């Protein structure tokens with residue numbers, strides 16, 4: 001057992017040894033510094049991205065459900081061909097289910113939108129006017145189209161905030177005519193700004209029009225065909241029931257026999273959220289893995305330098321032993337030295353990581369912050385590295401034979 | 001002196017070194033008793049076993065066979081840590097190469113044995129200062145070894161050896177790196193420590209002149225004690241110093 005005074009003097013000795021070789025110390029801790037900086041930054045980046053996505057998902061409405069077509073295996077053969085979902089499915093869903101508030105069709109195309117020489121790429125969506133309610137989208141100006149416009153395939157559109165800005169700048173687009181392909185469409189309204197989707201695609205570069213208009217002028221499909229069906233449950237609590245009912249209704253309408261697979265797939269917003277969480281979980285695991293590798297490399301760097309240091313100071317070790325240092329004294333001296341090095345690396349790394357967080361947060365517009373847990377983990381990890389990788393060199397120093405260490409053979 | 005209790009007792013001490021299947025018999029059954037207050041010189045050619053003897057007396061090494069009793073303690077078979085404690089409490093070392101810690105001030109070097117004894121900082125400083133002034137080094141306390149002359153470095157080493165007030169001082173070729181004048185200064189200091197404070201001194205050397213300063217000379221050859229004689233009229237290093245031609249104290253090389 002060594003007293004507190006001896007521990008303090010061991011720390012003082014270690015600090016002096018570290019300060020004596022500043023350049024070497026700096027190079028030694030580089031690995032740990034980079035590793036810790038990476039851990040701190042990555043954790044904050046992952047947390048920031050997740051926080052932002054969660055914000056967007058609540059925006060979409062937690063009671064939203066989407067039906068996708070899915071080629072199903074019927075009697076062993078996989079059926080091919082276009083989507084099996086139709087507008088009459090939508091009407092049936094609305095009519096027959098007690099938990100579905102609205103169900104609208106969804107056609108999609110990519111197109112170039114033109115207004116007086118200004119060009120913009122946009123996603124064209126054809127649907128019923130109920131689409132806005134299902135997606136929880138609001139208009140910032142103008143008004144939606146009417147059901148009669150849907151019936152007569154009127155050339156009208158509601159555009160996203162991004163498209164409006166690209167084509168019109170600060171001018172008011174309502175009442176003006178935009179062109180897609182050869183056809184002009186009158187702008188009825190502009191959507192609220194929504195920001196990028198979880199996967200980075202802008203949700204504001206969009207042109208919304210009646211599905212009938214889209215089918216006659218932009219994307220020519222069979223009558224009634226739809227790429228997907230967007231639904232909203234009557235409330236977030238009834239989402240599961242709505243999903244079940246929709247399944248039954250669609251199986252019946254598509255004449256799917258007992259035991260056969262569905263030819264559609266229903267996903268709720270909650271399931272999307274779950275999927276995204278999983279993706280980000282894997283992503284952050286990967287980042288942490290990379291950081292762990294760099295920390296191990298950093299630790300080996302510390303061990304390497306400590307071994308060099310022990311060899312260089314063999315005579316010093318011999319002198320200390322001759323005048324009464326015990327194995328534990330020498331062990332503690334070198335262990336403290338590697339601890340000081342590693343912790344220093346952790347502190348510098350945390351500082352760099354913090355700077356990176358501030359910089360990246362501003363550049364990417366993410367709510368990034370230094371989490372106290374991340375700080376604790378970073379410093380704890382670097383201390384542990386110092387202990388683990390410093391132990392072997394320190395033990396080698398402590399087990400030296402004083403006669404050999406003094407060069408007295 | 002004859003009645004004083006023994007401090008070092010060697011009973012049939014053997015030391016064999018095994019190197020690449022060749023056994024080197026460094027010590028071949030040494031019997032030796034040194035009593036408290038003696039000033040003993042161990043003399044011999046290189047290879048005579050005097051360094052091995054020194055390592056064993058200093059508890060730096062263990063005998064292969066035989067019994068070594070230091071100040072009443074059988075230290076031959078003790079663990080590494082136990083021998084470290086014995087070194088710290090009973091022995092002061094003075095080496096040929098001084099063996100001061102580089103880039104460490106004289107004062108800190110002298111304090112070091114007390115650090116390993118767990119003495120508090122203020123007390124350490126006090127005792128180190130006393131020890132340094134006892135060897136005539138009241139100034140230059142904050143100089144590092146490379147800022148000190150050879151004689152001054154050896155004085156710091158002696159101060160470090162004495163700071164724990166050990167009953168035994170082991171000096172291994174303490175004048176080997178020093179010129180004649182400085183050598184006699186160091187020997188004068190050792191003689192006075194032995195005479196005035198009763199510290200037992202064991203001095204290892206290969207020079208007859210140096211050995212003549214001791215009250216007893218043990219001559220080693222081929223791992224055995226060849227002669228063990230009492231020196232009735234040891235050289236008085238202080239007088240020898242006075243008889244040397246006068247020269248600048250710090251002009252001497254070291």
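Placement of Cβ uses the backbone N, Cα and C atoms for every residue, glycine included.
Annotated transmembrane segment per TrEMBL: A:25-46 (among others), in sequence order.
Summarising the annotation, TrEMBL assigns domain 'MacB-like periplasmic core' to A:26-248.
Distant neighbours of the transmembrane segment (A:279-310): 17, 24, 28-36, 38-39, 42-43, 45-46, 49-50, 53, 317, 334, 337-338, 341-342, 345, 381-382, 385-386, 388-390, 392-394, 396-397; these residues of the same chain sit at least 6 beyond its ends, with a Cβ under 8 Å from one of its Cβ atoms. What TrEMBL records for A:279-310 (among others) is transmembrane segment.
Mean pLDDT, taken over the domain 'ABC3 transporter permease C-terminal' (A:290-402), works out to 90 on the 0 to 100 scale. For A:290-402, the entry in TrEMBL reads domain 'ABC3 transporter permease C-terminal'.
With a cut-off of 8 Å between Cβ atoms, the residues of this chain six or more beyond the transmembrane segment (A:331-364) that come close are 2, 6-7, 10-11, 13-15, 17-18, 25, 28-41, 44-45, 48, 298-299, 302-303, 305-306, 309-310, 320, 370, 375, 378-379, 381-383, 385-387, 389-391, 393-395, 397-398. If you look up TrEMBL, you'll see A:331-364 (among others) marked as transmembrane segment.
Sequence-distant contacts of the transmembrane segment (A:370-392) (same chain, six or more residues past either end, CB-CB distance under 8 Å): 32, 36, 39-40, 43-44, 47, 295, 298-300, 302-303, 306-307, 334-335, 337-343, 345-347, 349-350, 353-354, 357. What TrEMBL lists as transmembrane segment is A:370-392 (among others).
Taking Cβ pairs closer than 8 Å, the transmembrane segment (A:25-46) reaches residues 18-19, 280, 283-284, 287-288, 290-292, 294-295, 297-302, 305, 341-342, 344-346, 348-350, 352-354, 356-357, 360-361, 366, 368-371, 374-375, 377-378, 381-382, 385 in its own chain, all 6 or more past its ends. Note: the domain 'ABC3 transporter permease C-terminal' (A:290-402) comprises 98 helix, 0 strand, 15 coil (DSSP; helix = H, G, I, strand = E, B).
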